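Per TrEMBL, region 'Disordered' is recorded for 1-69, 206-289, 302-422. Among the features that TrEMBL reports, compositional bias 'Polar residues' is placed at 39-51, 253-281, 302-324, 338-352. Feature annotation from TrEMBL assigns compositional bias 'Pro residues' to 387-405. The domain 'Zinc finger Sec23/Sec24-type' annotation in TrEMBL covers 557-593. Taken from TrEMBL, the feature domain 'Sec23/Sec24 trunk' covers 630-869. What TrEMBL lists as domain 'Sec23/Sec24 beta-sandwich' is 874-958. Per TrEMBL, domain 'Sec23/Sec24 helical' is recorded for 969-1069. Taken from TrEMBL, the feature domain 'Gelsolin-like' applies to 1096-1169.
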Amino acid sequence: MSAPAGSPHPAASARIPPKLGGAAAPGAAAPAVPGLGPHQQNGPAQNQMQVPSGYGLHPQNYIAPSGHYSQGPGKMTSLPLDSQCAGYYSGLYTIPTQNVLTPNTASQQPGAQQMYGRVPPAPHVVGSTPGSFQGAASSASHLHTSASQPYSSFVNHYSSPAMYSASSSVASQGFPSTCGHYALSTVSNATYPSVSYPSLPAGDPYGQQIFTSQNAPPVQPTRDHSFSGQNTAISHPSPLPPPPSQPYHQQQNLSGYNTFSWSTSGLPSTQDNPVRNHTSPTAANNNLTNTVADSLSCSVMQNVQPPKSSPVVSTVLSGASSARTPPAANRPIEPVASVTQPSELLQQKGVDSSSTTSSASPMPNSYDALEGGSYPDMLSSSASSPAPDPAPEADPAPAPAPAAPQPSKTAKPFGYGYPTLQPGYQNATAPLNSGVPPSGPVYSGLQQYAQQYPGMNQLSSSLGGLSLQSSTQPESLRPVNLTQERNILPMTPVWAPVPNLNLDLKKLNCSPDSFRCTLTNIPQTQALLNKAKLPLGLLLHPFRDLTQLPVITSNTIVRCRSCRTYINPFVSFIDQRRWKCNLCYRVNDVPEEFMYNPLTRSYGEPHKRPEVQNSTVEFIASSDYMLRPPQPAVYLFVLDVSHNAVEAGYLTILCQSLLENLDKLPGDSRTRIGFMTFDSTIHFYNLQEGLSQPQMLIVSDIDDVFLPTPDSLLVNLYESKELIKDLLNALPNMFINTRETHSALGPALQAAFKLMSPTGGRVSVFQTQLPSLGAGLLQSREDPNQRSSTKVVQHLGPATDFYKKLALDCSGQQTAVDLFLLSSQYSDLASLACMSKYSAGCIYYYPSFHCTHNPSQAEKLQKDLKRYLTRKIGFEAVMRIRCTKGLSMHTFHGNFFVRSTDLLSLANINPDAGFAVQLSIEESLTDTSLVCFQTALLYTSSKGERRIRVHTLCLPVVSSLADVYAGVDVQAAICLLANMAVDRSISSSLSDARDALVNAVVDSLSAYGSTVSNLQHSGLIAPTSLKLFPLYVLALLKQKAFRTGTSTRLDDRVYAMCQIKCQPLVHLMKMIHPNLYRIDRLTDEGAIHVNDRVVPQPPLQKLSAEKLTREGAFLMDCGSVFYIWIGKGCDNNFIEDVLGYPNFASIPQKMTHLPELDTLSSERARSFITWLRDNRPLSPILHVVKDESPAKTEFFQHLIEDRTEAAFSYYEFLLHVQQQICK
């Protein structure tokens, strides 16, 4: 038995070090410890798993711990707790394949160039080019195989004539495909569904691939060096001459743009990768579609060996014992054991969080089957692996399973993706000219409704005014001379453009806060998109907090039997019994149950069902959408308790926040929680109900980590609540006298993975320094003298692939890792961030954190934790995005793991996570007037319900280039470009990314001027829809992620890049282009009323010092930080009424709060700031900045329209763009 507090164990009393009673020596005898015993292996060890080595590192062998282990005997010593203790990138992954031809490593020397030209459709020949925007354009619904590169870059709208040399050898992988078409027995005695509208709280990978193809549209000549050309580098105001012309090798990409083939031999790390640019006056087309990526695979042995004997110290935490109440009679039901998959299905591949759809990992296809697969012809099995039986899935009616096609010996041509529909539906290939007048989205399919409401198939005639051939020109196309208009920024916030649809569809369309496209008018062909020189992609915020959400409970979730699209407002009802899918155009039967409307309690009006009346709905899913019973919400906290951590003082804030929010953690009666701490050793805490005090178990052998007790480290929150509170009260002082400076983060994460594997859940890691011991140790890579460099910025990628591989293991066990980095020194966030990027986690960063010396950071941590601990969360999630036939997705951005070609695995999903996806047009859209996009997020709620949240977006198709420009969503476009620029910075270089951003402006405005605008002005002409594009790009170039010449810590830069990759658009835009307001003259004119509060709405000011006045006070909203700049001559009445000081001189240098004063000015200012702060994922810090104080430097760096020593002013930037266009 463990020794009680105060009575040292005889075997350990002689070996108590000063810190914690100490770890037993390796040879110490192990006393009997309650609950400690050898682990029983409850599942087969996982087979060899292939995980790519990260970021150009050579493949390494990595022993990945399995979710189940055999526990070897460990040595433990029970000791008292005496007074001394009181106190991001390119996913390396292979896709389902038939045959792939890749260069042989042995036959080529490193550096030797290998070109890939056009090849027959099969087998594919694969190359890659990081010199341009990359990503493999592929159908959203078909499976490819390709070698992929370990970085992501920009896609190829603006390809750089850069050639790389490489070779790699990739074995073709067998991948069992799953049918997206399932039979379901007829529902008898149908139970009619119930619909509720709950009010929710209003808180609210990176690889790029391209395939050679004969189906690509013809390429068009265009500018040199677009999106990465050296001729547009603007790190210094002086324009650089264009580089000399050199020959280059051109390769055709499937979006119709030229790219340049490259290959890598072993792919050295980013900073060591030599880049050789070859330019030509006839350079490739400047576009933003994907390019080819080479694949490097790294075998990972997953066979788990029993851990060796490791010393463990068992310690009872001192503290007042709490009275324990007897357990309730009706105890919560224990979670059902996980269903063990066949070992051959447990193999997986690692994928970066920005990934092409041509990537896939050989995961159990049942994940794909749960949410529904692709089109039937996509279901050919790999020759090397049999397809598993698909999981049953809710289907509108029973249907015969299609005959399994024979495995193909050769890969299909790249353009392949939408097969012939099943017999009887082959003529339903387009929505036009239907024999029966279909009904629209809000009306019945009966004939009498056809004239009143035009259907989806008749909308081409009702898009009135979209074509610019009419006499009236839309405001979005009004030409603007940017060099002459000084006040280009509107005085009110920029809203998303409304798609040009008829009134009924506008009302039904998805909110742009959840789902928006960079082009609200979709070009009819890829060639038209190429001419526009604009990025095409989607920005998603799928799990955001909603005040009202239709929740539908039904026995039958109605879906298309071909493409598995969920029924939505944009389908067509041919009659009461049949509906046509708006994505693949298949005609489906209406299930009997769907004929009843639970809202109106009427029968025979399926068009009035809530699923067809709302573009955002949530379904309560049946067991058909589960691989195993829903697991409980499980939370594990892994805490750094080294000397640095204790000095920083974060433990006090964390423990206090946990105590305050313990009852608010999302979950049900089964919720489980656990704690681990670490320095040079790892400390576990036994919180099993029935103990009088928490018990600490120390594992000192960090080279062979094991779990000291099998079932009492994660405990039921409500059964062990008193023990948990005792531990949280003791933790801040427990390590107060520690002198341990080392950090064994890697081994602690390995232990956390083992602990969480059976159920999955969320791991919250708090780290304060560079890991220095055990697996995953890191060395400082930052040179402080290079922080202001205008040349090469190195080490943006990880130093090791340890954290990426561990994250992939965690993702496979449905575990997400969230990182809180609280550091005063360089901590290599580029490496540590991988644990969150690839496991669908979050990253929080607090530079120079100290609870007393930096109170604003301490306050920010406290507020962030409150939001983090209480916000909604989803577990075991998968997300699939579908689009109309003819469109395809090729590159995803965000924190996730790509499980198959279009299925994203999200171990956790939270309402603050944003995603982006790049699109291409594979087939002409001439047969349809509308296209639709649908995202389906399948997740387990914290209450144990399996749910599906569906968003559907409808956009018109246009054939005119002017119409394309008229529908540009400039904010969505700049956010997509920002994501692509992050990939390019890591895969190539920061300077290439900056050049590519400049060329995005040059090319789009040049194309507009030469094709649409007939004005012969000497200035720079842009349509109104693009007038803010140059301003936003300049703001992006001056953002921390991409700026040069200004002192920027490496961790700060990397964190900014991480934020770009995972922030929703609404928050990302404030990071890119802050909002500036004058607040010393706030009035109620134009104010809004929010929760019985009057909120002033001051006009926006442009970000220039010319708008500042010494007599005024200005508020700048940068997203995560607020600045209030006080002019030297500011009115004393405002200073006294709002700041609480009599005059300017009395304002302190460091002021982070506005006092609550009973004055009208104070109420208005605080009301406005509170309104801005609401619903932010990160709590903004407030800094009051006095004019002429040293702190004003940071404030003035955000005035992006002004010139700095290392960057253009806005006007100079416009002249630079104009000069590039005129070349």
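In case you wondered, yes, glycine gets a Cβ from its N, Cα and C as well.
For the domain 'Sec23/Sec24 helical' (969-1069), the DSSP counts in helix, strand and coil order read 70 helix, 3 strand, 28 coil. Within the domain 'Gelsolin-like' (1096-1169), the DSSP-based counts of helix, strand and coil residues read 24 helix, 14 strand, 36 coil. Broken down by DSSP into helix, strand and coil, the domain 'Zinc finger Sec23/Sec24-type' (557-593) contains 1 helix, 12 strand, 24 coil. Look at the domain 'Sec23/Sec24 beta-sandwich' (874-958): DSSP puts its residues at 0 helix, 60 strand, 25 coil. The average pLDDT the prediction assigns to the domain 'Sec23/Sec24 trunk' (630-869) is 93.
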